[in-house]
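Please read through the structure below; I'll follow up with questions.
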């Protein structure tokens with residue numbers, strides 16, 4: 001048998017490893033021809049600078065659902081409807097929409113554009129103005145602190161979900177082992193505000209779930225309760241397996257967690273409006289009292305709600321948008337997602353107040369005796385209302401599944417902010433994302449254990465009060481100043497044009513440079529001026545606890561000046577030269593060597 005070896009084909013790439021491809025072709029006359037080809041393995045995609053191309057969302061809808069899922073959280077269900085009712089009903093929408101337009105949307109758009117253009121997390125994006133990188137670490141710390149107690153809320157919802165799989169819900173009567181002599185059914189208690197009485201649902205939450213009666217205060221925590229610890233562990237496991245592979249996995253999880261709440265809210269609304277008294281509750285929700293607009297507190301609460309409901313300042317929007325394609329229309333995304341967030345808040349009010357109206361009618365008490373803010377609404381009043389319906393266990397399961405999905409995707413966003421922000425800053429972590437994600441979620445779990453002890457509610461209240469209050473407003477303020485004034489609105493607008501093909505309108509540029517920073521500065525001042533020490537019911541926290549809370553808040557805010565000092569001290573040259581390096585984008589440091597510093601010209605500070 002004779003064989004012929006075909007000549008080797010020249011390779012266009014003589015560098016790097018090569019693979020040999022052998023092809024045997026058998027002819028009819030029995031002669032075999034062997035073809036040998038040198039094939040260069042496909043290299044990973046790289047960008048023009050030679051760095052490995054960044055991971056991107058599988059689909060555009062994955063990104064949108066992730067942003068919506070993060071922004072639409074538990075506060076949309078319990079806080080916005082209550083604020084509307086308390087502050088003039090429909091009149092509250094006037095300051096809410098006003099602040100939404102002048103600050104909420106512009107800041108939302110700013111963070112999406114910032115992350116998408118620079119394609120890094122909350123710390124890495126500050127290569128555009130290195131002296132402000134501390135604000136990146138500020139928002140990463142805040143997201144981490146929020147995770148310490150936000151996951152606990154989800155574990156409460158999971159505990160309630162498990163407790164709902166019974167023929168009779170455990171918060172219906174006062175004949176349980178955890179009930180106190182002060183327990184009284186609604187039907188026998190027309191004065192529900194009486195401090196000496198408590199409803200079965202209230203005692204179930206505080207005594208049956210939290211076991212707060214076994215603690216004398218924050219200095220008497222006790223051991224973690226195994227039931228809540230197990231629920232918290234389940235939440236942590238869900239978070240880990242949603243995040244460990246990056247946006248490829250989290251982008252699929254949000255198809256369930258971001259859409260399920262809308263299905264459940266619609267089902268609950270259809271059930272709620274059929275209940276007696278529901279229309280009265282909805283009327284109270286929508287009642288318009290324009291005289292309340294003369295009250296400064298109404299405007300302050302509307303501004304605060306905007307800051308927290310959209311989720312700006314947590315680094316999450318920056319992290320999520322950094323995985324977008326460079327040419328993605330972030331302007332359209334900002335309008336769509338921020339609008340959906342506000343509409344969801346408004347829509348949930350109909351659901352909440354249809355049930356509150358029903359409770360008011362059923363027990364013949366004033367609506368203001370039923371409506372309340374915070375966890376008391378979703379873990380006391382709403383379960384109480386559900387318990388009176390036919391098939392109450394089914395409705396309870398549906399409701400707490402909604403709470404779980406609302407909480408999980410928001411918790412995923414907070415953790416993604418921390419993970420993306422740190423692995424982009426410390427590049428060696430990229431190869432160990434799974435292990436680093438495990439480290440973050442386990443660390444969060446260990447700290448959260450303090451919140452599932454007998455006195456855990458006191459720790460929870462302290463964290464909730466200090467972790468992301470004034471500090472988040474301060475972080476967004478510094479972020480806005482760094483982008484609009486030091487990096488420059490004109491330069492930022494050019495970046496956006498490079499991505500989507502056109503510059504932002506003058507309205508957006510004016511908001512970024514003047515309106516939003518002034519708004520945020522006002523909010524920071526008001527936050528300090530109106531500060532009240534935390535309390536839980538009649539319990540007042542000791543001075544050392546308040547000091548600990550302030551240390552927690554300051555630990556994130558001080559990252560801004562500390563990093564600025566560090567940067568100025570480590571750069572070479574005289575002070576002016578170091579300052580020029582610190583406020584100039586890293587890609588333009590060669591211009592500083594030539595004496596060209598945009599920030600040292602009057603035009604830079606005046607242009608819009």
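Counting starts with 1 at the first residue shown.
Using N, Cα and C of the backbone, Cβ positions are placed for all residues, glycine too.
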Given 135-162, 163-190, which one carries TrEMBL's transmembrane segment label?
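Of the candidate stretches, TrEMBL labels 135-162 as transmembrane segment.
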Looking at the ranges 5-26, 27-48, 93-114, which is given as transmembrane segment in TrEMBL?
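Among 5-26, 27-48, 93-114, the range TrEMBL annotates as transmembrane segment is 93-114.
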Pick from 198-220, 543-565: which stretch is listed in TrEMBL under transmembrane segment?
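It is 543-565 that TrEMBL describes as transmembrane segment.
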Neighbourhood of the Na(+) site (69, 71, 72, 76, 309, 341, 406, 409, 410): other residues with Cβ within 8 Å of the Cβ centroid, in order?
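Leaving out the recorded residues gives 68, 70, 73, 75, 311, 344.
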Of all the recorded positions here, 72, 183, which one's CB has the most other CB atoms within 10 A?
72
Residue 69 (Na(+) binding site) has how many other Cβ neighbours within 10 Å of its own Cβ?
27
Relative to the transmembrane segment (226-243), which of 340-359, 394-414, 466-489, 510-531, 543-565 accounts for the most Cβ pairs at distances under 8 Å?
394-414
Near residue 309 (Na(+) binding site), which residues of its chain come within a Cβ-Cβ distance under 8 Å, counting only those 6 or more away in sequence?
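Same-chain residues close to residue 309 (Na(+) binding site) (Cβ under 8 Å, separated by 6 or more) are 71, 75, 76, 79, 80, 341, 342, 345.
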Could you tell me the C-alpha distance between residue 406 (Na(+) binding site) and residue 183 (disulfide bond) in angstrom, no decimals?
31
Any residues 6+ beyond the ends of the transmembrane segment (543-565) with a Cβ under 8 Å from its own?
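Distal contacts: 131-135, 137-139, 141-142, 145, 218, 458, 462-463, 465-467, 469-471, 474-475, 478, 533-534, 582.
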Rounded to an integer, what is the Cα-Cα distance in Å between residue 410 (Na(+) binding site) and residue 183 (disulfide bond)?
35
Counting only residues 6+ apart in the same chain, whose Cβ is under 8 Å from the Cβ of residue 174 (disulfide bond)?
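Long-range Cβ contacts: 183, 184, 185, 200, 203.
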